[in-house]
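First the structure, in the form of structure tokens, and then the observations on it.
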Amino acid sequence: MTEGIVAHTETLAEEIANAITHGVGAALAVAGLVVLLVLASLYGGALEIVSLAIYGSTLVLTYVASTLLHAARSARFKHVCNLLDHASIYLLIAGTYTPFLLLGLRGAWGWTLFAVIWGLAVTGVVLRLVLRHYGRHIALPLYLGMGWLILVAIGPVWSSLGGAAVGWILAGGLAYTAGVAFYVWERLPFNHMIWHLFVLAGSALHFTGIMATVVPRG
């Protein structure tokens, strides 16, 4: 994940570790998507199905893109995976927001933030595709800013979903954010693998929060 905006070149052992960690994440994401769609189909309506499908699909895309990037040996294929990897992170951030906003927050706050976060995601993807000197000085502030946008509506989120949902959202955000320290610590061996572990933790916390607070049950 986010390979190509890091200055140093990783060893083969590091790349194998990177691919394995997010390969596990990809398998778990696929399983999670199936669970979400089954529950939404059995106990929800169209909005539940679409919202959870968006979230689960972006989760799968992100982990698959990252795994392929780190496993790729062809320079051309690695470049394509690099673009997809960066784009998928913007999509995952917006995708993770989607069920919380549309199934939990709802109303004017929910739909407004939904439009804003997806607008930012599209902007991020376009910037990645058109900017020649795209780097982490652009990517990291955008990722972090999008991730913490929820703070502008923390009161309404608490009122609509309760303290538990807020706790899951913040815990996941903190896991992702804490991992950035290892992502930029380029001299630390296997720093990118450690970053991947924090990403897995953040994803797991947000998935648990979504399952616990907005996924329909019988």
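A Cβ is built for glycine as well, from the same backbone N, Cα and C atoms used for every other residue.
Those TrEMBL annotations? Automatic predictions, nothing curated.
What TrEMBL records for this protein:
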BINDING   HIS70, HIS192, HIS196  Zn(2+) binding site
TRANSMEM  24-43  transmembrane segment
TRANSMEM  49-71  transmembrane segment
TRANSMEM  83-102  transmembrane segment
TRANSMEM  108-131  transmembrane segment
TRANSMEM  138-159  transmembrane segment
TRANSMEM  165-185  transmembrane segment
TRANSMEM  197-215  transmembrane segment
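Under 8 Å from some Cβ of the transmembrane segment (49-71) lie the Cβ atoms of residues 1, 3-4, 15-16, 18-19, 22-23, 25-26, 28-30, 32-33, 36-37, 39-41, 77-78, 81-82, 84-85, 87-89, 91-92, 94-96, 98-99, 102-103, 196, 203, 207, 210, 215, all in the same chain and six or more residues away from its ends. Annotation note: HIS196 (Zn(2+) binding site) sits in a helical segment as assigned by DSSP. Highest Cβ contact count with the transmembrane segment (165-185) among the listed stretches 24-43, 83-102, 108-131, 197-215 falls to 197-215 (criterion: pairs under 8 Å). For the transmembrane segment (24-43), same-chain residues at least 6 beyond its ends with a Cβ under 8 Å from one of its own Cβ atoms are 49, 51-53, 55-57, 59-60, 62-64, 66-67, 196, 199-200, 203, 207, 210-211, 215-218.
Residue density at HIS196 (Zn(2+) binding site): 28 other Cβ atoms are found within 10 A of its Cβ, drawing on all protein chains shown. In the three-state DSSP assignment, the secondary structure recorded for HIS70 (Zn(2+) binding site) is helix. Cβ atoms under 8 Å from those of the transmembrane segment (197-215) belong to residues 1, 21-22, 24-25, 29, 32, 35-36, 39-40, 44, 48, 52, 55, 59, 96, 99-100, 103-104, 161-162, 164-165, 167-169, 171-173, 175-176, 178-179, 182 of the same chain, restricted to positions at least 6 beyond its ends.
Cβ neighbour count for HIS192 (Zn(2+) binding site): 24 (other Cβ atoms within 10 Å of its Cβ, all protein chains included). The Cβ neighbour count for HIS70 (Zn(2+) binding site), using a 10 Å radius over every protein chain in view, is 26.
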